[in-house]
2 protein chains.
Amino acid sequence: MEEGTSKSPGHTGVTHPAQACGDGTHGHAPGEGCDYDARQWDVREGCEVRQILDRVADKWSLLVIALLDRRTLRFTELRREVDGISQRMLTVTLRQLERDGLVRRTVHPVVPPRVDYELTPLGATLHDTIQALVTWTEVHQSEIAEARAAYDRRERE
Amino acid sequence: MEEGTSKSPGHTGVTHPAQACGDGTHGHAPGEGCDYDARQWDVREGCEVRQILDRVADKWSLLVIALLDRRTLRFTELRREVDGISQRMLTVTLRQLERDGLVRRTVHPVVPPRVDYELTPLGATLHDTIQALVTWTEVHQSEIAEARAAYDRRERE
DNA sequence: CGGGATCCCGCCTGATACTG
DNA sequence: CAGTATCAGGCGGGATCCCG
C-alpha cells in the first residue's frame, strides 16, 4: 500500500489555516474543498478523512463489518449477533455503511420481507485492517487486564 | 471525575455477567497473518474483547494514539491537535488509555506544571494496526465520497 | 420481518470559575 | 499549565409502538 494522496514533499505546517472544511455533523455534501496535505494528518473536524475515520472507528460499524465479512446476514441475524445493539442503532449503522458504499442492502420482494446485508468489494478491503484490530485485542487481552488491575490498585490506595 | 474509575456500563447495560467469553474454544495464532479462524469470535457485550475493542475502536482514542505515536505530547498540545475534542473528553480518554496501559502519563514537578503523554511499549504495538486504518481511509477517500454522492442522489429523487 | 416515528434520559460539549 | 467542578443545552442512543 502506498501513502495515499500525499504528493508535495516540503510542506508540513498545517496548524489551523482556517475553518472552511464543512460542518461536523453527518450530513454533508461531498465535493467541497477539504483536501489538504494529509501526511501530517492533524485532521480537522469535518474533513473527509476524519468523517470516514469516525465512521470506521466506530464500535458498531466495526462489529457489523467484521460479522458481514464472514457471510451475508439478514437484519434480525445481525441484531442477534451484534450483542447489545439496539434496533435503531443497527438501522442507522447499516444505512451509514450503505451510504459509504461499504455494505450492500438487498431487499427481496417476498412476504414476509427479507433483507440481506453483505459487504461490497470496497467494504471487503477492510477485512485485513479490521481483523488486525480484533486480533490485536485478543492477543493483548491479558496485558490490558493486568494494566487495569494495577491502575485500579494504585488508585485505591 | 464524576464517572468513577471503571466506566459505568450506563447506556450499554451489561446484561451478561462479564464471564470469560474467550472461553478458550478458539485458540488463535498470535503472530502474523490472520491465519487463525476468525469466523468464530464470540463478542458478547461485557466480555473483555468487546470492552477493549470498544475502547480501541473509539474515535478519540484512535486519534490520540495515532498522534502520540508520532511523538510525546503535552496536554495542551493534544488538545490543539485533536481538533474538536473537549477538554473533558481528552482527560477522560487519556485516563482510560493510561488505565489500559497504552499511554504513560508523566508529571514533571515544575512550575508551571508540565505533563507529558507518550505511548507505552504496549501502546506502540498498535502502530501498524492504527496506521493501516488511517491509510485505508486516505486511500479510499474518493471512493467513499463517490458512494455517498451516489447514495444521496438516489435518495433525493 | 424490517424499520419508521416518537419519547425520553444521560452523555458530551462548551463556557466559566477555581485550584496547585 | 493541567487539570477539577459545575451548569446549560443539544443530541446520541435505548425503549417502545406500530405499520407495510
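Each Cβ is built from the backbone N, Cα and C atoms, and glycine gets one as well.
Note that TrEMBL annotation is computational and uncurated.
These features come from TrEMBL:
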- A:1-26: region 'Disordered' (REGION)
- A:47-145: domain 'HTH hxlR-type' (DOMAIN)
Could you give me three numbers for the domain 'HTH hxlR-type' (A:47-145), the DSSP helix, strand and coil residue counts?
61 helix, 14 strand, 24 coil
Across the domain 'HTH hxlR-type' (A:47-145), what is the average pLDDT of the model, as a whole number?
94
